[in-house]
Structures are given as structure tokens and as C-alpha cells.
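Here the structure comes first, spelled out in C-alpha cells, and everything after it is commentary.
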């Protein structure tokens with residue numbers, strides 16, 4: 001059985017038979033050449049395909065290592081099924097096999113395979129299939145780069161453009177590997193299925209069983225399911241107990257149907273939502289490539305039966321103008337200018353559109369070569385800051401519609417950015433660093449390694465005194481830019497941080513007598529409200545049964561809204577840590593935002609609906 005090696009091999013030998021085994025294989029047939037062209041074309045398409053990336057690929061390599069260790073243990077254990085290929089090999093000082101030697105080796109292997117499996121009944125097709133697969137792979141080496149390429153090809157074949165783009169970007173597989181022969185469609189699944197069958201077969205032989213059925217995977221799955229169920233049941237019970245305590249103190253009230261409005265128009269996931277800072281205009285950006293501006297004062301009659309009782313709104317729809325054929329233009333970021341006159345829209349193809357408040361397109365900004373992951377106006381509306389997967393940070397002069405500065409100091413994807421004031425801003429990256437920059441200065445004034453893993457979000461406090469950062473390392477850090485190290489490390493979360501939000505309270509805000517608070521949500525299903533003065537969480541909010549995707553403080557800081565993939569939105573009293581109101585949508589919820597007066601809450605969903613809850 002071939003070993004899955006986690007080392008880089010020559011691309012010309014990966015996923016192919018040894019060229020010395022048959023001289024006729026040194027040149028590809030016309031059909032194979034066409035196939036290679038198709039695979040190379042697929043690679044080019046993946047380079048230009050655009051969807052929101054995901055930066056979690058390390059687990060795949062860990063799985064490879066675990067599989068390799070398991071295979072090594074099986075080979076060294078006492079069993080009756082050892083394929084002694086080395087005994088059939090003759091010394092060759094030039095490290096080359098002749099056709100005759102190769103045939104002898106395969107015949108020996110086939111003979112031993114037949115001997116090991118002759119006692120089995122009811123497995124004819126499986127034995128034949130495994131024998132053919134085993135022989136076809138005998139003279140090839142499946143490298144980690146080859147496996148990565150098969151994974152990439154599978155993602156592309158199944159239409160998962162978001163994941164394929166991120167995987168290609170992080171693994172660099174298109175730079176390390178190019179196929180030299182025909183790769184059939186669905187090869188990855190075929191290899192996995194046959195490999196699992198082979199493991200089942202090998203296990204039956206090693207344990208000396210004589211059965212027409214294989215139970216190897218069933219035994220493993222059963223153990224995993226039992227363990228997973230035990231963990232999930234414990235976690236769910238803990239949450240249920242906590243919820244029961246909260247509900248005894250304060251029974252939450254559902255939001256009355258007369259205070260709910262549905263915004264219908266999008267046809268896919270809505271990742272972005274933001275109210276205008278000056279009036280009740282709501283902007284939403286979706287995976288369907290469109291941005292919509294909803295006017296709360298313009299109503300239409302409800303003619304849709306399945307949402308009876310909801311009020312509906314009119315909207316202005318904005319479509320990207322520079323999308324090429326086959327290119328994705330998912331809306332990745334939205335930001336209103338401080339005076340509410342302009343809306344900046346960032347797309348996955350790198351385009352930035354500037355529109356008026358009524359939705360008319362004014363101009364485009366085109367310098368990025370990948371998805372826009374950060375887009376923020378400064379407080380006077382003179383500059384627009386953008387960051388992208390191409391590692392660039394650009395300060396745009398809106399008056400000239402040209403870059404004021406382009407920064408290239410980060411070595412990874414720009415994950416987030418935020419203004420401290422009119423001229424100073426911070427950026428964070430997948431390279432685990434945070435930079436502090438000033439408009440007009442071509443180099444960052446500070447650049448420091450802040451976390452042990454990818455930094456996903458940063459936010460300045462309302463008065464610009466503190467910078468909060470969160471990471472996949474489950475830690476939140478508070479920074480003072482006058483110091484080289486963080487002044488606080490908040491470590492109570494047990495998993496990756498999903499969102500980070502300051503309350504608009506404390507010194508320098510409209511609510512100077514209220515405490516400055518920080519809210520965070522995590523994959524551990526909890527939401528925490530932190531007291532920065534003590535460095536400890538003030539409340540741990542547990543109600544959701546799925547990850548909390550987004551949180552938002554009300555303008556006066558008294559309430560905190562949380563939305564989750566469990567389809568619930570909860571509105572919490574941040575002082576008591578109890579729920580005030582709740583609403584359940586039909587589909588998982590993605591984003592949430594309060595309007596400027598704090599009497600309306602906008603929530604977006606995976607089914608393309610926007611819910612406006614009037615409080």
C-alpha cells in the first residue's frame with residue numbers, strides 16, 4: 001500500500017507512474033495532452049475565481065500526519081498481511097527499474113495479495129477493484145502537493161468557489177504542482193473510497209476475522225458519535241441550566257408582529273448591513289452581487305403570504321459595473337460616510353464603488369487585485385481606507401479619486417482596519433501583525449507581532465485611547481500605541497473570537513458618565529461583556545446554541561444585540577446580563593446593526609431577508 005508522504009516531490013513524478021516502467025509512457029497521447037490543458041485551465045480559473053476565502057487549512061495537513069502515523073503503526077504491527085515489495089526489488093545503482101523487474105515485482109505483489117484474500121467470500125468485486133487500484137498505485141508516490149491539487153480540483157468541480165480560492169491562495173499548490181498526465185474527474189473521492197475499503201479489508205485480515213461484511217468504519221464512527229454526543233449533551237445541558245436561571249430572573253418578551261418589518265429583494269446570504277448615520281436609510285450587501293438601500297419611510301403592500309403581518313419596504317438596488325464573465329462580485333464590505341451623503345461598497349473582485357445616498361453610482365476605485373476585506377471612511381470624509389486579500393492597504397483621496405498612499409508592509413491578507421482619527425489608522429493581517437500608520441507617511445510608524453495566530457478584527461475605542469484586537473488564538477488584547485506591549489490580555493473565551501465591538505460610552509462620547517465596555521463573541525457559543533478597568537468579564541451571556549456571528553451595542557450602550565446561526569436574535573440588558581426581547585427567524589442570522597436613535601434593529605439572514613425590529 002502506498003505511503004501518503006508529507007514532503008514536496010517533483011511535480012513531474014507525482015500522481016503518475018514511474019516513467020522508467022514503460023518507454024511508451026514518456027510521451028502523452030493527444031487525449032492526455034487535452035486533459036492536462038483542461039487541468040491547467042482549471043488552475044487558471046481558480047486563480048481568477050472570486051468568493052470569500054476561509055483561512056483554515058492547517059487541519060488538513062494534521063489529518064495527513066495522523067494517517068501517516070496510523071499506516072506506519074499498521075506496517076510494524078504483527079499481522080499476516082505484509083506486502084514485501086523490497087524482497088522483490090533487485091539492487092540498481094542507477095535507481096532505475098527495468099520493465100522486466102517492474103513486471104516481476106507486480107506479479108509477486110499480486111500473488112501475495114491473492115494468497116492473503118483467497119479465504120474471503122462475498123467480496124469478489126471489491127477484491128478485484130482493490131487489486132487493480134493497488135497495482136496502479138504501486139509505482140507512484142502520492143505527495144502532499146499532489147493531494148492538495150486533488151483537493152483543489154474536487155472543490156472546483158463541485159462549485160465551491162469560495163473555499164477553492166482560499167485553499168489555492170494559502171496552500172500555494174498552483175505554484176508547486178502541475179499535472180503531467182490525465183487526472184479523471186472525481187479522482188479524490190475515488191481514492192478515498194477505495195482507501196477506506198482497503199483499510200476495512202486489511203483490518204479484517206489482521207484480526208483474523210472471516211466475514212462477508214466489513215465493520216471497520218462502523219466501529220470507528222460509532223465511537224466518534226458516542227463521544228461527540230456526550231460532549232454536545234453536556235454543553236447543551238450547561239447552557240440550558242444557565243438559561244433557566246436567567247429566565248427565572250427575567251422572562252424575555254417576544255417582539256410583537258406589528259413592530260417587525262421584512263425587507264424582501266435579496267436572493268442569497270446578506271453579509272453586510274449598516275444604517276446611515278444621519279437618517280433611517282439602511283444599506284445591505286449580499287452574495288447575490290447586489291447592494292440595496294432601504295427607505296424606511298416608503299412602504300409597499302404585503303402581497304407575500306408566507307410572511308403575513310410583516311410590513312415591506314421599497315429599495316434602490318445597486319449592481320457592480322466592472323464584473324467580468326464568470327467573476328464573483330459578492331459584496332464584502334459597506335460603509336457610510338460620516339455625513340451620510342455617500343456609501344462605499346467593496347466587492348470580492350476588488351472593485352470599490354462610491355454611490356450617493358439615493359443609490360446613484362458616482363465613480364469606482366480600482367487598484368486592488370482581490371476581495372475587499374476592510375473599507376472605512378475617516379471622520380471628516382476626506383479619505384477612504386481599504387484593505388484586501390492582495391496584502392495592500394490603500395488610502396484614497398476622494399476629491400481626486402486616486403490613492404494618497406499604498407502600503408505593502410503586510411505579508412498576508414488584510415483582515416481588518418480602523419481609523420483612530422482623521423489621519424492615523426491601524427491595520428491587522430493574517431501574518432499576525434498590527435500596524436499603525438499615518439496618512440502621508442509611506443511607512444507604518446509601528447509594526448508589531450500581536451498574536452500567535454491570524455488576527456481577525458481590530459477596533460479603536462470611541463475616544464481613540466485603546467485599540468482592541470482579537471485572533472484565532474482565542475485571546476483579546478487591549479493596546480495603547482504609546483507602549484510596545486499590550487496592556488491587557490483577556491483569555492476567558494475557549495475558542496476563536498468571531499466579533500468584537502466597543503460600546504459608544506465613556507469619556508469623549510455622548511454618554512461620558514457611562515462605563516466604556518467591550519463585547520466579544522466566540523465559537524464557544526458565549527458572548528462576553530468586558531469591564532476594561534478590571535480586565536475581567538462583567539457578564540457571560542449564554543443562550544445561543546450555535547456560533548454567535550455578530551454583536552452590536554445600542555447607541556446609548558444599555559443594550560447588546562446578538563445574532564447566531566441558531567436563527568435567534570437576542571437583545572440583552574448589558575447591566576443585568578439578562579434578555580429583554582428575542583426573535584427567531586426561519587433561517588440562520590448573519591449580521592446586526594442599530595439605527596442612530598436606537599429604536600430600530602436591522603438583522604440579516606441566509607435566506608436573503610432583512611428583518612427590521614422596532615423596539
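Every residue gets a Cβ built from N, Cα and C, even glycine.
In TrEMBL this protein carries:
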- 1-29: compositional bias 'Polar residues' (COMPBIAS)
- 46-75: compositional bias 'Low complexity' (COMPBIAS)
- 79-90: compositional bias 'Basic and acidic residues' (COMPBIAS)
- 97-106: compositional bias 'Basic and acidic residues' (COMPBIAS)
- 273-364: domain 'Anaphase-promoting complex subunit 4-like WD40' (DOMAIN)
- 1-106: region 'Disordered' (REGION)
- 263-297: repeat 'WD' (REPEAT)
- 365-406: repeat 'WD' (REPEAT)
- 448-489: repeat 'WD' (REPEAT)
- 490-540: repeat 'WD' (REPEAT)
- 541-582: repeat 'WD' (REPEAT)
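Within its own chain, the repeat 'WD' (263-297) has Cβ neighbours under 8 Å at 52, 304, 307, 312-320, 323, 328-336, 338-340, 343, 345, 347, 353, 355, 357-359, 590-596, 600, 602-606, 608-612, counting only residues six or more beyond its boundaries.
Tertiary neighbourhood of the repeat 'WD' (448-489): same-chain residues 55, 412, 415-421, 426-430, 432-434, 436, 495-502, 504-509, 516, 518, 520, 522, 530, 532, 535, selected by CB-CB distance under 8 Å and a gap of 6+ residues from either end.
The average pLDDT computed for the repeat 'WD' (263-297) is 90. Sorting the repeat 'WD' (448-489) by DSSP state (H, G, I as helix; E, B as strand; all else coil) yields 0 helix, 19 strand, 23 coil.
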